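First the structure, in the form of structure tokens, and then the observations on it.
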Amino acid sequence: MAFGLNSDDAAAFKLLLCLAVMYGLMSMLAHSIVHMKFVKPLAIDAPLDRFSEARAVEHVRILSQEIEGRQEGRPGLREAARYINGQLEMMKERASDEFRIEIEETVVDGSFSMMFLGHSISLGYRNHTNILMRISSVDSRDTDPSVLINGHFDSPLGSPGAGDCGTCVASMLEVARLIVDSGWVPPRPVIFLFNGAEELFLLGSHGFMEKHRWHDTIGAFVNVEASGTGGLDLVCQSGPGSWPSRVYAQSAVYPMAHSAAQDVFPVIPGDTDYRIFSQDYGNIPGLDIIFLFGGYFYHTSYDTVERLLPGSIQARGENLFSIIKGFTNSSMLQNFYKQASPEITIHQDKDDGAIFFDYLSWFMVFYSSGLALVLHKIPIAVFLILPFLLNLRNFSITSCLATFSDLTKGFLSHALGVFLAIVSPVMFSILRLLFTNYSMNWFSHPYLAYLMFVPCSLVGLLIPRTFWSCFSLSQDISVFQASREVLSDEARFWGAFGFFSSLTMAYLLAGLSGGFLTFFACISMLAAWLSFSLAAKHYGRRSLRSILFFVLPMVPYLAYSVYFGGFLAQFLIEKTGMMGSIPPPYGYFIPDIVVAVTIGVVTSVCIGPLIPVCGHWLARSSILQFLLQIIVIGLAVSSQFFPYSIAAPKRVVLQQTYLTSGPNHLENSSYELSVVDSNSLIFLLKHAPDVANELQTDLDLSFETANLSRQENWLFTQHPNGGQMH
């Protein structure tokens, strides 16, 4: 016995330490994957038959540094168009005779209506520039089905646009050069569309689809975008049909895709050119591939070359080149106008619900919705027939009902644990905010979110296990010829298995694509239970060796869940800085609650499957007291951290308002500040007094003392994005 602990407590702490080390190593692996540490960027002198990140970054540098302002209406956008045109012309000059290369600069105009964030918007536009390059073989025809690669070269107000979307243009230029210099002649034409008006509600892509003669030859497309400066280049949308995602799964060098992203993307307040090509003005199969990390700098003046994550462009370029090969060699590629024709039914792909995901960016798992319809029903079927399987020796309706009753108790116990795992960090976040002057202290230090919320969530998971002995078993121990310990273990495990199988079935019935994660958990739990049962015969059910045999088969699933959950949490933390300000008092709590809920869900997914077996050790009072001490330390430590830094700035909108009386008379003009996260304007002025002095604003500004202008007096408002405080 050490430090006043008995032997069982010491064993429990050993298990906790081993699990902490295991999850720590998995977290390091996940961090290296999502931040592209495993991809080696090629230098500027790399062989010409290889994609080079350094060559692409040179394009980004010129577009974002040497050219000032690529916003519509500014000279920089015209200069960027000339630069892109010049690069394409140089490729054309050195291309061999096997290529047919056509370059066009078009000016588009038009009008259309669209739904955005639940509102109908009518748009009219003119004189927007698109640049196109069509690479094909010399014997190709103008009507041959082609593959479109789209990216925009304009940038938002106030931003150099290195990530969004200089990286897109640079990747496309380097891939186009690679096609020419490698000597690979595409069997079907490849069209590169550099569109010049995406930030203004997708005008460039609409102009192409409505006006250009090549639009009806498009048989597939890839839209490259950026919601940050690198990291995972995730397939966020795919369709119509499963064909595009199948090509991606077969072709990608560094696969990064989750079909679950398609469940989430429609609720995100944003859009890409994908909707123009595949939904609003075409039914073209395609992929929407987006840089997701580095969201701190998205649409700000910090979106510079220095903020790009090394390896990201290299992975994107190699993926893009391989995907182009996959699409152009596919027998599914057809002209857009033929796809739209009711007479053409051959090769039509109606499978919209395919399941696909990358495993740690090493390989892709892909299966059709038809197969998912069968596979994802297996876990719930196993759970429902378990009462009969467990009573084969002494079969009776009474014994089956007793077994089902105990499994239901296990199900409800685990469901309660998951509920508490989510609620506990929420309560902790609210408690912390009541004693501090600002929220989002984890914003620039994401590890604080894990320090604060994971121990809370783990305590929530373990609480039902501490009260399990209060529930009497419905099964008769003498009939089953098994100890209470064995029957209790079975009830807890199969109850948890039933919980995950029910979630898998719920995803399936809802028509969503994210059920692969809980299905993976179910399959892993079955393998782990079989291994544990065999080990328990030799070492005993309460031996740490038996626990080891339970955990080992779960490692592939646990590693993936840490990777998936860590990516989700990091992405959400970055986006809380631009999710919008909700009026006080409730708005002050919203970001912390959202992150707490996310961490609670992630903890339930990553650790929950271990609780039925490991809970015997982890639910001890000594472990719970230790976790509570960590929670208190997390509260004390986290409160000392400021939410923002240079690497994670606060977004501030500088708003210029013009007051008029009538349509032609300007009465006054003023500048105002507004914030886009939960920390208020008062918080801003307190920690950045120079701003208040410059604007001649009282540091004690409040909503009660502010002089608010009436909306009907506004003429127009300019929002030059990019104001930050750190």
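From the backbone N, Cα and C atoms, a Cβ is placed for every residue, glycine too.
Small disclaimer: the values here were computed from a predicted structure and weren't measured.
The following features are taken from TrEMBL:
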| type | residues | note |
| --- | --- | --- |
| TRANSMEM | 12-34 | transmembrane segment |
| DOMAIN | 130-321 | domain 'Peptidase M28' |
| TRANSMEM | 366-390 | transmembrane segment |
| TRANSMEM | 411-435 | transmembrane segment |
| TRANSMEM | 447-471 | transmembrane segment |
| TRANSMEM | 491-510 | transmembrane segment |
| TRANSMEM | 516-535 | transmembrane segment |
| TRANSMEM | 547-573 | transmembrane segment |
| TRANSMEM | 593-614 | transmembrane segment |
| TRANSMEM | 626-646 | transmembrane segment |
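Ranked by number of Cβ pairs under 8 Å to the transmembrane segment (447-471), the listed stretches 12-34, 411-435, 491-510, 516-535, 626-646 are led by 411-435. Outside the transmembrane segment (547-573), and at least 6 residues removed from its termini, the chain residues within Cβ reach (under 8 Å) are 15, 19, 22-23, 26-27, 29-31, 33-34, 232, 258, 292-293, 295, 359-360, 442-443, 446, 449-450, 517, 520-521, 523-525, 527-532, 534-535, 594-595, 598-599, 601-602, 605-606, 609-610, 613-614, 617. Sequence-distant contacts of the transmembrane segment (626-646) (same chain, at least 6 residues past either end, Cβ-Cβ under 8 Å): 13, 16, 428, 431-432, 435-436, 438-445, 448, 451-452, 455-456, 458-459, 679, 687, 725-726. Counted over residue pairs 6 or more apart, the CB atoms of the transmembrane segment (593-614) and the transmembrane segment (411-435) come under 8 Å in at least three pairs, which marks the two as touching. Mean pLDDT, taken over the domain 'Peptidase M28' (130-321), works out to 94 on the 0 to 100 scale. Sequence-distant contacts of the transmembrane segment (491-510) (same chain, at least 6 residues past either end, Cβ-Cβ under 8 Å): 372-373, 376-377, 379-380, 382-383, 386, 406-415, 418, 465, 468, 473, 518-519, 521-522, 525-526, 529, 608-609, 611-613, 615.
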